[in-house]
Amino acid sequence: MSEANQSTARQLTHCPGNDPIHSGESAVQTLLGSQRQPSGDAASIRNLPVSLFASVMGIAGLSIAWRQASLQFGVSVRIAEAAGALALIVFVVLSAGYLAKAVRHPEAVIGEYRHPVTGNFFGTITIAMLLLSSVVAPMSQALAAVMWIAGTVSAIALCFAIASRLLGGKIDAAHAVPAWFIPGVATLDIAVAGAAMPMPWANEVNLFALAIGTMIAVLFFTMIMSRMIHHEPVPAGMVPSLLILMAPFEVGFLAYTNMVQHVDTFSALLFYFGLFLFLALAPKVFRRGVPFAAGWWAISFPMAALTIAALKYSMFTQVWPVKVAAIILLAILSIAIVLLLVRTLHWLLNGKLLAG
């Protein structure tokens, strides 16, 4: 381990008095504070991380993937319905928990929001709402529209807030981590879920969101890759978030194909580059030495987006290797979500999930 990483690891407890907007060390500390191995302190709702809403994204994505599989391969839709119901339950529970945190510990919520890394994870709430709008659409189009509008407004507002913060300048290069993508991916998800919205104005909102998400993805991908190449590797607790790097390409594929209503060469390039990133990053993420923490849920939605994109692309190509790849990805995603659920429930029951 390099001297810089050893210094970071030694300082994962607390860093009083530092401005998190301009301190690279405090950025890593705050992000990993809720993800490191618990120290045995009593569990408290204060320690509920906003990043845990990524679990809703992953489970909802699993539901959408299985519904797509039921259309293509005739498998039972019950798996999709069960995953969708679970995603809704988890969202309600987490929303209630985080609301309680906001009421009892508002300074903790403000601290998360103002942080240059963890602040991006508020985008997981908006993405969760957008994905849930697709989950409930087969049951209630009206409820889906309400959730999509709420998710759209919050996603665009958060994107403007994060952009304003970044344009303020003096941002440490060490803060350019894959989590930066989350608000941008949220705007891309507007177009993914919004394609099915019946409102006549929805198409213009989708185009607006797609434009924002595309430009942010291009800009941030360049900045984040530069940081990954020229600076120290991300700490072990942030390694699972590396898979977020492929999310803009797979979500971009879904958003673009939903808008143009067909799969063309450009969309195929997006899909295959996202697949390449998954294959390149998977050995770095799924290895020993990366301890389990709530941050592992960061892998769930990128994998879900890749799986849904693979299923959609296989339906277009009708080439058997692509179909096999899509089925394998669906199996991997399903196993990953189950393992994450089991480990998270275990942590919750033994008090580690909310430990200080």
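Just so it is clear, glycine is given a Cβ too, placed from its N, Cα and C backbone atoms.
The compositional bias 'Polar residues' annotation in TrEMBL covers 1-11.
Sequence annotations record features per position, and here TrEMBL assigns region 'Disordered' to 1-21.
Within its own chain, the transmembrane segment (48-67) is flanked in space by residues 34-35, 75, 77, 79-81, 83-84, 86-87, 90-91, 94, 97-98, 101, 109, 112, 118, 121-122, 124-125, 127-128, 131-132, 134-135, 138, 294-295, 297-301, 303-305, 307-308, 311, 330, 333-334, 337, 340-341, 344, 354, which lie at least six positions past its ends and keep a Cβ under 8 Å from the stretch. For 48-67 (among others), the entry in TrEMBL reads transmembrane segment.
According to TrEMBL, the transmembrane segment annotation covers 79-100 (among others).
Per TrEMBL, the feature transmembrane segment maps to 121-139 (among others).
Residues annotated as transmembrane segment in TrEMBL: 145-167 (among others).
The transmembrane segment annotation in TrEMBL covers 179-201 (among others). Taking Cβ pairs closer than 8 Å, the transmembrane segment (179-201) reaches residues 31, 117-118, 120-121, 123-124, 126-127, 130-131, 133-134, 137, 141, 144-145, 148, 151-152, 155-156, 158-159, 162, 207, 209-210, 212-214, 216-217, 220-221, 223-224, 238, 241, 244-245, 247-248, 251-252, 254-256, 258-259, 298 in its own chain, all 6 or more past its ends.
Sequence-remote contacts of a segment are chain residues at least 6 beyond its ends whose Cβ falls under 8 Å from one of its Cβ atoms, and for the transmembrane segment (207-226) they are 152, 155-156, 159, 163, 173, 176-178, 180-181, 183-188, 190-191, 194, 245, 248-249, 251-252, 255-256, 259. TrEMBL lists 207-226 (among others) with the feature transmembrane segment.
Per TrEMBL, the feature transmembrane segment maps to 238-259 (among others).
The transmembrane segment feature in TrEMBL is assigned to 265-282 (among others).
The transmembrane segment annotation in TrEMBL covers 294-314 (among others).
The transmembrane segment annotation in TrEMBL covers 320-342 (among others).
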(request) For the transmembrane segment (294-314), could you work out the same-chain residues 6 or more beyond its ends whose Cβ comes under 8 Å from its Cβ atoms? (result) 34-35, 49, 51-52, 54-55, 57-62, 64-65, 68-69, 72, 127, 178-179, 237-238, 240-241, 243-247, 250-251, 253-254, 257, 263, 268, 271, 274-275, 278, 285, 322-323, 325-326, 329-330, 332-333, 336-337, 340, 343-344, 347, 353
(message) Using a Cβ cut-off under 8 Å, which residues of the same chain at least 6 positions beyond either end of the transmembrane segment (238-259) come close to it?
(response) 28, 31-32, 35, 177-179, 181-182, 184-185, 188-189, 191-192, 194-195, 206-207, 210, 213-214, 217, 220-221, 224, 266-267, 270-271, 273-275, 277-278, 281-282, 284-285, 290, 295-299, 301-303, 305-306, 308-309, 312-313
(message) Below 8 angstroms Cβ to Cβ, which residues of this chain, lying six or more residues outside the transmembrane segment (79-100), approach it?
(response) 45, 48, 50, 52-53, 55-56, 59-60, 62-67, 69-70, 109, 128-129, 131-132, 135-136, 337
(request) May I ask for the residues of the chain that lie six or more residues beyond the transmembrane segment (265-282) and have a Cβ under 8 Å from a Cβ within it? (result) 242-243, 245-247, 249-250, 252-253, 256-257, 302-303, 305-306, 309-310, 313, 325
